[in-house]
């Protein structure tokens, strides 16, 4: 009797989460996959089966191609702004600055408490190329501010900076905590051996912090692409001519503005697969490392 | 001991089930005499939401047999449409729904609704209410591509040219020269040459409403017999004018919020945008602001697409439809319509309200509204293509973005027109 209970109980404990996952994640994903083979406007009684047409469109339509390219640019910018720079600064704070570590943590973390909509509106005002404070300042110095919302690459840059403002502190703290968990005796040993600091960081610290670093890297990409959605929606609505759109905004635009659920679902499934691959990498490195310790 | 607990439990359950039973009875008796209907609208607290609540409260206080519940839907007409889709899927649709003009055909071909003329005939015995209150032109705004009257026009707006009088007088520009787009260009050039400021901003939201007004006022058609027709020589000339203005820095090309901000701060002399912006401009502008009728090109007249929304009856049950019709009729009373107009900045839809003393007084206090009211006589329905209308609008937005980024006007407009017409076959 007791034995039987032991077998069932774990599943019973899992049940609430499993049901939630099933209802809110797995079923919608399966339904999205199903919808990606149809042409449907969200409400019409009939769905027209179109086979793989939506998937072909994802890769052949010039607008989608532009959007995929933008997505790659976004990823590159996000990695630099939200991963490389916070990592660099956390290394400096950890190994080169002795005082005020707590103050830096708090200061960097504050913006992540604000809503992105607020941030986006604030930055639209500050960075208004004609009438914003920065534009006025530049004018008084005899310069003109470029009209960034009319250039895809500049708009992407500004949008990435807005998300940077939001996630920098969070990523910084994660990385700093990771660095803090590296056993002190290893670092002390290296110091006694007289190994230069940069060599210590390159050969010892970075490899030992790899798990957290990969986790933050994946988070930067997956969460970053979702975070940029808000400023895109508030400021540029993907413009100029899809110049600042990314694959997630395009999925939204197709589904809820144009009611093209087929195209939208195909885009969503492609994104899903890309994220799945990233997740696989994360599991390989992060969880794999945990196994090594055990 | 155990038995005792069980008894207590049963007693509690018994009391609760009785309570539920009585509650159910109570509802049943009241629902036979009072009809509950829901009204879905898009007015946030900053956009007249408080006025909607006031009107609904007033209606409920004066109508003992109908109780209206107003529900605000975020994200404007787009957000409301999304909610309506899920409501339809779950079978719980609202009874009265506010529908934006751009969704006219999408709404009429995908949702069940009762035509206002049918409601009038069924519940009043005639269509006198509609005939007395609405002009033919106003009713034409609410017709779908098959000519069916989908709802009754509720909020109306037209684009006007807001002007910064301080800048104009500083550079000796005569207001009367701004009745044509050619005059606007000359004025913009004077301002730009002498101050470096921009002359004009034309609103660029997620639709091409204002750009359509520019094309229409050059004698172009947006659609003809259900097909896109804007790539005509007149349409192309209008967009070329706009592109040249942007290229030579006479006109500002930027998203809507930033463009209006620049106008309000006095960095742009004129803004071509919806009359619904009037109260915002009045409140925020630090200069002497005024509004004039939408300009036209020389040898053409002003024609603008109407903006705003209509009210449609989405109730399914006959009793509910009757209550919805009662509510609508009350909302269109001159007094309610003027209150609504004051709260939202839109123009009232009925003849009676437009001619009422209270609205005329209101216009006197807010002279910016005057050109908008005048323009109503030159307004035509907002273009809504019969098939894939929302995608058609997106094609026009794409064309605007491309042209303002420097693409060839003729080929871009032609490509957009062809893309829309492929879907219309």
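Numbering starts at 1 and runs along the chain as displayed.
Heads up, the Cβ atoms here are built off N, Cα and C, so glycines get one too.
Note: TrEMBL annotation is automatic and uncurated.
The shown structure was predicted, so the numbers you read here are calculated from the model rather than taken from an experiment.
Per TrEMBL, the features are:
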DOMAIN    A:68-282  domain 'ABC transmembrane type-1'
TRANSMEM  A:12-34  transmembrane segment
TRANSMEM  A:72-97  transmembrane segment
TRANSMEM  A:106-127  transmembrane segment
TRANSMEM  A:147-165  transmembrane segment
TRANSMEM  A:172-192  transmembrane segment
TRANSMEM  A:265-286  transmembrane segment
Out of A:12-34, A:72-97, A:106-127, A:147-165, A:172-192, what stretch is closest in contact terms to the transmembrane segment (A:265-286), meaning most Cβ pairs under 8 angstroms?
A:12-34
Remote residues contacting the transmembrane segment (A:12-34) - C-beta distance under 8 A, at least 6 residues beyond either end:
265, 268-269, 272
Same chain, outside the transmembrane segment (A:106-127) by at least 6, Cβ under 8 Å from its Cβ: which residues?
133-135, 148, 158, 161-163, 165-170, 172-173, 227, 230-231, 234-235
